[in-house]
Amino acid sequence: MPPIYVKGGVWTNVEDEILKAAVSKYGLNQWSRVASLLAKKSAKQAKARWNEWLNPNIDKSEWTREEDEKLLSLAKLLPNQWRSIAPIIGRTATHCVERYQKLLEDTNDVGIEGDENDLRLSGPGIESLPATGTSHVGDLNINPESKPAKPDEEDMDDEEKEMLSEARARLANTQGKKAKRKARERMLEESKRISLLQKRRELKAAGMKVSLESKNKKRRQEFDYNADIPHEHEPQSGLYDVDEENEANRLERIKFERGVAKEGIPLQEVDEKHKKQKQEAKKSKDDGAKQTQMSLEAAAEVFHEREQEILKRRKLDLPAPEISLDTQPPIGESGSINISDITTKDSNQEGIDDRILKATRELKRNQATKSSLLAEDTPEIKKETLSKEPTSSKLKSQWKKSVLNLLKSYFAKLPKPHNDIGIILPSYDPNEEPITASNEMSTDSRVDQGERLRNLEILRQVDEEKAKLRRSQAVQRELPIPKPSSLQQIDTSKCSKLDLLIFNEMRTLLNSDYAKYEDPTFKTNLIDDLDEESFGIVNNEISGELMKMESAKVSPKSSHLPKTYEMAEQIISKLHELSSESSSIENSISANINISAFNYRENNALQNIDNLYNELNRADIELKGYTKMLQNEEISIESRSKYLHELVDDLVDNEHLLEEKVRMLRRT
């Protein structure tokens, strides 16, 4: 039976480098591919080596005392849960286990009162040390994945050389089999396409047209998703004509304006709008009530959680006092204790090393004791007096009371209400048009005064809008109203009596509109707006007369001539006649009038105009030049005169000085 070789063992430096290169190429998921490059290691061992040692995120620095203390406290809280402890400390689980074992072994050598080995934990970390525990010859190397790599030998084995060469060849090949096959297929398709194009070009040169499409009819009818766009809607070419839409919109607007002008806005729309507003107000009110209810429930939950936290609080356990009254010397004696000495002693008394030693001893003591399940006589458990937890009904009543007290305190802060009740009575004008309320308003006595007034205000606004629609069309369309004095007087002798009446009525209406909307100071007789009944009667009479009138029907004329040979011959003969007439008229004009004389006079006039333009241009240039020279001369004259004035002033000053000197000399 051949020997079975088990993969594993110490990791060498060559294997580590191969593993790093393989991870950089294959990633952190294809461990079977990575392990295929390593002859003596499996996929699980390769993954463990990367996660335990080669990962650059691993902290391999020396353990600090704070980390040791944290490790011991976590080992006490989470026994044997090293996978959970490792991410909290920031190291691997294996390193945590080894450090924990090292700390337990170090406590065997340290006495309870001895201080000679206090600094034993300051040496190198577990990473640079051999396996923990007492190692003997022949012992197994546990967790080789978390140990440093074995250095390479100068003369490597043939097996290692073969593994290194194979890994180098495979890792250098960045293009796999699939990529090579795809590239080869693309090259074949390109060569086929080029050969087909060459064949088609040769056949076309020979006079034979061959299509590149498939010859299969079924295949040819399928949709080509590479060539075409599915569900494509092509827009119309050029500018889109929207004249029809604009005309339809205009007609619809005119129809609506006519309907409103004749019938007015129906009250049903106003009622629906008012009903919609009431529904929205009710909905907002309900939402506000729901929100307040939710806030109350949230406040109740907060109170409940707070009470639960208070119930869960445990009794505060303080450490035993270090100094008692018996050991403390009396005040004022020579052996009294200084306060500063006590504070420094208390602060340095329990250092980090002492805490680490205490924690390790306690852990070892717990490991030494047998389980309570295996012991014959179980130790008596001290009875602790615990406060009974209140029932759910009591808790519910308690937080309800707290919420009610909170609400009462908030309501108590509100200001006192002002009960000033007043009734606003509507004032009615006797000349005003009577407004009929709806049946709902008249019959329902439960509607309050504010709602009734609001309905009356809506009806009043509706009447105002109807009154605006009964004005003249010029005012409704906001057209400019001309001044009455700018109107032209018509000739009464040439117009009929009906036209004269229409003109007078139009003038009176124009004066009234001008005084109402343009110039209130303009004095004229104002015309009151028609009431709704008169307006309806007038519109009915106009529509009745329009219905009785016969509308003139215009026959549509075609702008195209019939396309026949007879019509074409008539058009050609007509064109010949027009051509002969135009030539005869041209000959008669040329015979009676000397055209050359007109051309000569035209040329002379153009020449004179050109000469005058040139002279005008030169005169303009000279004028600009002389103007510029004048400006420069004025500036220079001003500067020269200023300079000469300064010289004269200097001469006068010098003359005065000389005269003073002469006077002084004469006096001396």
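The backbone N, Cα and C atoms fix where each Cβ goes, glycine too.
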Quiz item: Between 158-202, 203-247, 428-472, 518-562, which stretch does Swiss-Prot give the note coiled coil?
Solution: 158-202
Quiz item: Of 82-104, 404-426, which range does Swiss-Prot call DNA-binding region?
Solution: 82-104
Quiz item: Mind checking which residues reach the compositional bias 'Acidic residues' (152-161)? Cβ under 8 Å, same chain, six or more beyond either end.
Solution: 12-14, 39
Quiz prompt | Mean per-residue pLDDT computed across the DNA-binding region (82-104) | solution = 91
Quiz item: Per DSSP, how many helix, strand and coil residues does the DNA-binding region (82-104) have?
Solution: 20 helix, 0 strand, 3 coil
Quiz item: What counts of helix, strand and coil residues does DSSP assign across the DNA-binding region (31-54)?
Solution: 18 helix, 0 strand, 6 coil
